[in-house]
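Below you'll find the structure, written out as structure tokens, and then a few comments.
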Protein chains: 4
Amino acid sequence: MTNVDFTISRLGVPQINTPLRALLARKCWPVHFVSDQEQVPFDPNIKTLREVFQKGGEILSVERAGPREKIYFDPQKTKAGIVTCGGLCPGINDVIREIVMQLYYRYGTMEIYGFRYGYEGLIETYGHEVKTLTPDTVAHIHRMGGSILSSSRGQQDSSSMVNYLKKLGVNMLFVIGGDGTLRGALDIAEHAEKVKYELSVIGIPKTVDNDILHIDRSFGFETAFSEATKSIISAHAEAKGVKNGVGLVKLMGRSSGFIACFAALAMNDVNFVIIPEVPVELEGKKGFLEVLKKRLEAKKHAVIVVAEGSMQDVIAGEDLGKDASGNIRFKDAGIFLRNRINAYFKNQNMEVNIKYIDPSYIIRSIEASPLDNVYCLRLAQNAVHAAMSGRTKMVVGLRHGHFVHLPMALLAQGRRQVDADGELWQSVLSATGQPAIFE
Amino acid sequence: MTNVDFTISRLGVPQINTPLRALLARKCWPVHFVSDQEQVPFDPNIKTLREVFQKGGEILSVERAGPREKIYFDPQKTKAGIVTCGGLCPGINDVIREIVMQLYYRYGTMEIYGFRYGYEGLIETYGHEVKTLTPDTVAHIHRMGGSILSSSRGQQDSSSMVNYLKKLGVNMLFVIGGDGTLRGALDIAEHAEKVKYELSVIGIPKTVDNDILHIDRSFGFETAFSEATKSIISAHAEAKGVKNGVGLVKLMGRSSGFIACFAALAMNDVNFVIIPEVPVELEGKKGFLEVLKKRLEAKKHAVIVVAEGSMQDVIAGEDLGKDASGNIRFKDAGIFLRNRINAYFKNQNMEVNIKYIDPSYIIRSIEASPLDNVYCLRLAQNAVHAAMSGRTKMVVGLRHGHFVHLPMALLAQGRRQVDADGELWQSVLSATGQPAIFE
Amino acid sequence: MTNVDFTISRLGVPQINTPLRALLARKCWPVHFVSDQEQVPFDPNIKTLREVFQKGGEILSVERAGPREKIYFDPQKTKAGIVTCGGLCPGINDVIREIVMQLYYRYGTMEIYGFRYGYEGLIETYGHEVKTLTPDTVAHIHRMGGSILSSSRGQQDSSSMVNYLKKLGVNMLFVIGGDGTLRGALDIAEHAEKVKYELSVIGIPKTVDNDILHIDRSFGFETAFSEATKSIISAHAEAKGVKNGVGLVKLMGRSSGFIACFAALAMNDVNFVIIPEVPVELEGKKGFLEVLKKRLEAKKHAVIVVAEGSMQDVIAGEDLGKDASGNIRFKDAGIFLRNRINAYFKNQNMEVNIKYIDPSYIIRSIEASPLDNVYCLRLAQNAVHAAMSGRTKMVVGLRHGHFVHLPMALLAQGRRQVDADGELWQSVLSATGQPAIFE
Amino acid sequence: MTNVDFTISRLGVPQINTPLRALLARKCWPVHFVSDQEQVPFDPNIKTLREVFQKGGEILSVERAGPREKIYFDPQKTKAGIVTCGGLCPGINDVIREIVMQLYYRYGTMEIYGFRYGYEGLIETYGHEVKTLTPDTVAHIHRMGGSILSSSRGQQDSSSMVNYLKKLGVNMLFVIGGDGTLRGALDIAEHAEKVKYELSVIGIPKTVDNDILHIDRSFGFETAFSEATKSIISAHAEAKGVKNGVGLVKLMGRSSGFIACFAALAMNDVNFVIIPEVPVELEGKKGFLEVLKKRLEAKKHAVIVVAEGSMQDVIAGEDLGKDASGNIRFKDAGIFLRNRINAYFKNQNMEVNIKYIDPSYIIRSIEASPLDNVYCLRLAQNAVHAAMSGRTKMVVGLRHGHFVHLPMALLAQGRRQVDADGELWQSVLSATGQPAIFE
């Protein structure tokens with residue numbers, strides 16, 4: 001984080017009166033615009049704040065998102081583009097829909113292009129259709145999962161992408177994707193700068209795992225873990241439906257266990273949660289398998305939730321390399337754990353009935369929940385406001401309860417994980433009663 | 001079916017006035033009782049009916065279920081037992097609940113036992129707790145999936161089971177299970193006859209696959225295929241979310257494809273349905289893989305639903321034997337098909353992205369749908385009426401829209417399958433547009 | 001029913017080979033066509049069947065629906081129209097979608113018109129847009145409630161409507177509506193006959209109340225009563241949440257109580273069900289209010305479900321006339337009952353807390369349930385098959401578990417009601433424990 | 001707020017080692033305890049923080065919630081009580097369940113009483129049963145709406161309540177309720193202090209309207225507005241289903257429009273949102289009715305969401321007084337608006353079809369959503385930790401994303417409203433396109 005410049009990049013000085021004036025600023029009514037001076041502390045730690053301010057220093061702060069009174073682009077002369085990259089996530093269509101609605105109805109920008117199949121769609125030679133997006137074409141998409149633009153993984157050549165955008169006359173590009181995608185978006189923006197093409201690139205961070213850095217939560221995450229609770233309900237019913245039943249639920253989460261933690265807290269019939277952030281010893285007296293055995297002896301059933309990326313260190317076998325997005329291929333912790341449990345109890349001559357449930361894509365390709373609908377809509381509104389103001393190389397996000405502008409470079413730096421010392425994991429321990437560590 | 005006696009067995013002549021008289025028969029209001037003379041044709045085929053009746057013959061008919069004016073057991077001196085066997089199915093708890101409610105509140109039978117872990121619970125030496133069931137203990141269970149009694153697979157010794165029932169003084173036993181379970185129930189009833197212990201054994205047929213013979217549908221089936229549609233929605237979103245996306249959904253159905261067919265009709269974004277009843281050739285010019293390829297070339301995505309027990313003949317490998325219930329262990333058609341599709345397109349040098357979804361137990365361990373709630377409730381009511389009337393060795397079921405009594409032996413004879421020449425499969429072909437046969 | 005001719009009207013002899021041949025009839029595979037000789041007994045009552053057949057007579061039977069090998073219309077020269085009339089009902093869009101899909105993909109009929117706002121859309125002078133329907137325009141509508149064609153109540157001039165259809169060249173009209181709408185459709189068909197315009201008019205009966213005569217159930221009904229169970233769950237929670245809580249749920253059902261009965265059976269926490277078919281005395285020792293009082297004294301809470309058209313005889317006040325569809329305006333039984341309960345207990349000096357819940361349109365304007373999706377799809381398929389075969393003045397429906405053709409005139413004769421002596425009401429009495437009659 | 005002392009009251013110095021030590025503090029693993037020194041700024045406004053700190057002053061801060069290493073009460077000698085007051089709200093049972101689970105399993109406090117019917121249950125002479133709560137009795141209640149303890153409105157005599165608690169030996173009382181209830185809880189705590197009875201009184205703020213001061217959101221709110229979106233979906237379908245259809249949805253919100261705003265953002269097919277915080281002029285050229293007329297002329301349908309407490313100033317008629325909780329009785333804005341729209345268009349001779357939908361109690365008596373499940377669970381955990389530490393006269397809540405302790409007096413001061421100048425209302429204006437003010 002140390003190397004990131006927190007100043008939000010801008011294409012120039014906004015000098016155009018926003019068309020939202022008629023909407024937001026009526027006689028006798030306060031004006032609903034956000035001034036550039038409105039900032040929120042990046043990290044409101046009292047001790048730090050006190051120290052810095054007492055010394056006359058200045059703290060790190062971030063701009064509040066929202067409509068500006070003066071904008072940079074002339075809406076009616078502007079063309080916008082939208083692209084969705086990486087895996088599906090609930091709410092992508094909500095974001096697309098509201099970007100279109102805001103541009104079209106509120107700003108009067110009527111030429112909006114949807115690029116197909118991720119960054120491939122920005123490469124002319126792929127020959128993918130470029131969709132024209134209007135309020136009519138997006139009217140009903142907030143009720144559907146997936147992405148009407150489809151997606152792909154991996155980066156493409158920045159120079160070719162900027163050339164194509166230039167050819168089409170696109171001045172603002174909305175990029176919906178994860179940390180890899182944001183690195184790609186930064187490349188695009190920087191290449192545009194280099195060739196002096198005026199292009200605002202605004203990111204809307206997306207990851208179903210909730211592992212985006214520096215924001216309160218990523219859109220679609222609530223929908224995903226909520227849907228995952230159904231697998232826990234089933235696992236619990238199955239586990240109680242037989243003797244020594246073990247309901248084992250594998251959930252998404254390659255490098256972070258947010259879905260596993262929240263799903264387990266939401267449907268608190270879970271006895272063990274295993275996540276990538278907390279190492280687990282399977283064997284030994286205080287190891288997981290022994291603790292599971294004691295649980296079964298006492299209660300005759302158990303429910304386990306395991307994040308897919310857990311226990312990578314103990315899973316034997318070869319390195320599986322990286323996928324097209326550059327993500328390390330993970331070894332499936334669910335199947336691994338099922339096999340180890342089976343082997344252990346066979347060895348112990350104790351009959352257990354494992355019911356393995358992997359909801360897989362179900363939790364990420366469904367329609368967004370109402371709260372995620374709201375979140376997506378507000379992210380999209382703020383993304384449009386930011387682009388119109390001439391900002392670029394930034395993302396919109398929720399931080400400490402406020403919609404803010406964050407430098408794209410900041411979020412592209414890595415991934416967020418569950419803090420093994422934090423409130424969330426502590427709640428999980430309290431809720432499940434599992435030991436803080438299997439050792 | 002030829003060897004089954006259609007006469008419903010009875011323990012004796014009902015001579016007791018039902019306590020439902022006060023409820024169902026008021027002054028000036030028609031009496032709500034069903035007479036034993038009320039019958040419905042077992043098979044209302046006009047041609048057969050005409051032939052038989054014109055010759056003065058008599059057709060096969062079955063008794064209508066419902067409350068009788070005279071009953072056999074004295075409700076207040078009667079003890080009842082309930083047992084649930086085999087895999088979970090939505091609605092088991094609804095059936096249990098309404099049996100208890102009817103017995104307790106309508107007939108005044110207050111001693112009701114719930115046997116744990118299937119037929120194991122009827123073997124005293126297992127030492128499983130026998131649950132006392134009251135309206136209080138079952139008040140909320142209709143909102144929960146699973147079985148509050150738990151279950152197990154496999155038959156137990158009839159003699160020991162009858163001894164235990166006798167020791168406990170249980171005169172009526174409600175058995176919730178599939179064809180194997182009903183064979184077991186028949187054994188119990190016959191052994192009780194042999195030792196002259198007055199025991200009414202009434203079956204409530206259960207199978208999530210809807211493969212019970214001779215009834216319109218089995219309870220829980222609607223819930224299960226309805227839940228399965230969510231996997232199809234996800235598979236469709238995933239398939240459209242990438243280039244040449246193939247959404248492959250594996251659904252329950254060991255020997256019958258009802259869940260696959262109904263789910264595909266209900267969420268009609270499916271292009272191919274593969275079920276055990278219809279053979280599939282994978283290779284060849286008119287084979288499945290070639291047809292799939294053409295579909296992808298034309299539309300860039302495809303959705304496939306495959307029942308787990310499909311293509312057993314083409315799946316290579318060893319015989320996997322039988323499980324504790326005597327069911328043949330099936331080779332998983334889903335994983336098999338995924339691998340074959342992957343291999344085929346790799347060989348063809350065509351990039352496809354398979355998204356494999358297996359909702360597994362999720363569709364069977366959830367709360368029953370409202371329509372299944374109604375069905376379970378009415379089955380349970382009729383099961384109680386039948387037991388009270390002294391009937392035994394029978395099941396209650398819906399046939400041609402009427403609740404009827406059917407001989408237990410009849411349903412224990414085998415399993416129902418999708419008629420490959422019938423209305424249902426024809427609808428699937430019309431809905432998907434897939435060829436009648438891959439050859 | 002006595003005056004209705006059961007012969008299904010036809011425009012002429014079908015002589016064209018169906019394009020479904022390639023789909024449904026493959027080498028070595030049974031042909032999936034339905035012959036005109038396939039009939040099912042209209043009423044499979046054994047006694048009647050025996051009597052009639054023994055005397056050498058013939059029983060009333062109906063044709064099975066399904067694809068015919070020979071069809072009447074040349075699909076590629078045919079134009080089709082669809083119109084939706086009356087109130088909304090879950091599944092209308094499913095029916096529209098599958099009519100379009102069958103016509104377009106299976107038969108090759110590509111000119112399909114959607115008429116807006118019910119029969120108004122068939123009157124040229126109204127100037128309503130006529131929608132061109134293609135697979136693309138209907139692709140996603142099965143996930144949405146309502147009707148993409150909109151609707152209106154009331155009949156229009158048959159002559160003008162036929163003129164407009166003729167002008168547009170429409171040869172087959174699919175009419176989705178209730179008994180009033182079907183009377184209108186019959187008028188259209190008869191006027192077309194009179195002016196010798198070849199027009200097939202096929203009805204798909206629609207009513208959320210399930211009050212269509214002679215069919216097992218109407219589409220959308222399951223969705224509606226399932227949604228209504230949520231109001232019962234809320235009413236039960238509210239009733240138990242306060243002292244002497246009374247949860248009062250009003251449900252749709254102008255002349256029939258099917259929704260009330262099924263919702264109450266599905267969520268069996270209901271103590272009283274009041275429907276139009278069963279008279280209710282409020283006052284008096286065995287009257288409803290006194291029985292309710294006893295219930296509250298014993299259990300401290302009660303849940304009541306009342307169909308909106310109940311107790312019309314006891315509701316004071318003026319005649320409210322008829323609406324545009326000719327339906328008698330009903331006085332709201334829900335508000336009436338709430339007021340009477342309040343007044344009664346105020347008079348008795350007993351504190352009760354009534355929580356009144358009226359889900360109103362919510363239960364009818366939602367997306368159809370999976371089972372209703374299947375039903376709508378199969379109705380639509382069969383409607384298209386019937387139209388293609390040259391049939392007219394008929395509806396498709398499910399009767400005793402089979403899809404059949406029924407004369408339009410038959411269903412236009414009136415409305416179905418809950419049989420106060422039948423299985424359904426008996427189940428409700430058993431489930432609630434309420435007296436057979438409040439007198 | 002100026003008069004409130006932000007110091008959290010305590011009964012004494014905690015000197016007992018917490019039994020959570022075994023759970024939360026393992027060898028080599030960070031200790032999961034929260035120190036009393038951990039504080040978060042009450043209001044992290046940069047300008048204020050800078051000013052105060054630069055002057056050497058100190059800002060207002062609040063304690064972080066969480067388990068303490070030393071506790072005040074000896075868990076095994078402690079008795080706890082739970083009471084729920086006011087209207088129902090999703091999640092009450094979740095809070096009850098987790099309080100019981102934490103006390104019983106984590107701390108070892110096994111005597112837990114549930115008081116029935118709100119504060120009435122704390123008055124011995126009412127004679128309400130006091131429920132003994134154990135993990136068994138609460139095992140399944142997180143799947144049910146309502147309150148297993150039932151509720152009532154209004155305060156009772158503090159002296160009698162403390163006497164009863166003393167008699168029962170209850171040392172910690174968990175109070176779930178709104179601002180009125182919290183004032184009552186404060187009375188109880190103060191009376192206990194006066195009579196020197198050691199009693200920890202901890203509030204868990206509850207209001208379905210989300211109008212609790214100073215916290216990010218109240219539990220159950222997300223569930224409620226999510227459920228309300230279904231009414232909007234229906235209203236939209238109904239409005240589009242007829243000519244000039246107006247879908248009018250009335251939602252809860254007596255003095256605040258949070259539910260209306262969030263539901264409208266979540267299901268963004270709404271054209272007008274009317275809330276108590278923003279005055280509305282109905283008549284006049286820029287009045288609501290004229291704007292609605294223009295919308296109908298342009299688009300033929302409209303969807304309106306109105307919070308129940310809106311437009312109180314323009315609703316004619318008498319003052320309706322206050323209810324038992326001291327809440328002002330509101331005049332129903334929904335019915336009022338429906339009538340005014342009807343009258344207006346009748347007067348204009350323009351046919352409109354209003355479909356009025358009032359989901360009423362449905363949105364508040366349902367099962368909590370997964371996110372609310374998580375929130376309730378974490379609130380309950382923190383409430384138990386706070387009580388065990390000997391704190392009193394405080395509530396637990398989420399503020400700027402952190403679980404914190406807040407003085408009870410602070411939240412009892414009034415109600416939160418939608419900030420008509422804030423981000424939320426600005427998003428609503430952007431999403432609906434409605435004018436900032438109808439004037």
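Glycine too: its Cβ is placed from the backbone N, Cα and C atoms.
Copied over from TrEMBL:
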type	residues	note
ACT_SITE	A:D209	active site, proton acceptor
BINDING	A:G87, A:R153, A:G154, A:G178, A:D179, A:G180, A:T181	ATP binding site
BINDING	A:D179	Mg(2+) binding site
BINDING	A:T207, A:V208, A:D209, A:M252, A:G253, A:R254, A:E308, A:Y361, A:I362, A:I363, A:R364	substrate binding site
DOMAIN	A:80-386	domain 'Phosphofructokinase'
SITE	A:G180	site 'Important for substrate specificity'
Cβ atoms near A:T181 (ATP binding site) (within 10 Å, other residues, all chains): 28
Other CB atoms within 10 A, centred on A:D179 (ATP binding site): 23
Separation of alpha carbons, A:T207 (substrate binding site) and A:G87 (ATP binding site) (Å): 8
Conformational class of A:D179 (ATP binding site) under the three-state DSSP mapping: helix
Proximity to chain B among binding-site residues A:D179, A:E308, A:I362, where any Cβ pair is under 8 Å: A:I362
Which listed residue (A:R153, A:R364) has most other Cβ within 10 Å, given these are binding-site residues: A:R364
Cβ atoms near A:G253 (substrate binding site) (within 10 Å, other residues, all chains): 32
Proximal residue to A:G180 (ATP binding site) among recorded positions A:T207, A:D209, A:G253, A:I362, A:R364 (C-alpha distance): A:T207
Separation of alpha carbons, A:R153 (ATP binding site) and A:T207 (substrate binding site) (Å): 13
C-beta crowding around A:I362 (substrate binding site), within 10 angstroms: 26
Binding-site residues compared (A:G87, A:G154, A:G178, A:G180) - the one with the fewest other Cβ atoms within 10 Å: A:G154
Other CB atoms, at most 10 A from the CB of A:E308 (substrate binding site): 24
Per DSSP, three-state class assigned to A:I362 (substrate binding site): helix
Close in space, distant in sequence - the residue listed as 'active site, proton acceptor', Cβ under 8 Å, 6 or more apart: A:S218, A:F221, A:M252, A:G253, A:R254, A:S255, A:S256, A:F258, A:I259
Whole-number mean of pLDDT values that fall within the domain 'Phosphofructokinase' (A:80-386): 94
Recorded ATP site residues A:G87, A:R153, A:G154, A:G178, A:D179, A:G180, A:T181, farthest C-alpha pair in Å: 12
For A:G178 (ATP binding site), the one of A:E308, A:I362, A:R364 that lies nearest, given that the binding-site residues are compared by Cα: A:R364
For substrate, whose listed binding residues are A:T207, A:V208, A:D209, A:M252, A:G253, A:R254, A:E308, A:Y361, A:I362, A:I363, A:R364, the greatest C-alpha pairwise distance in Å: 16
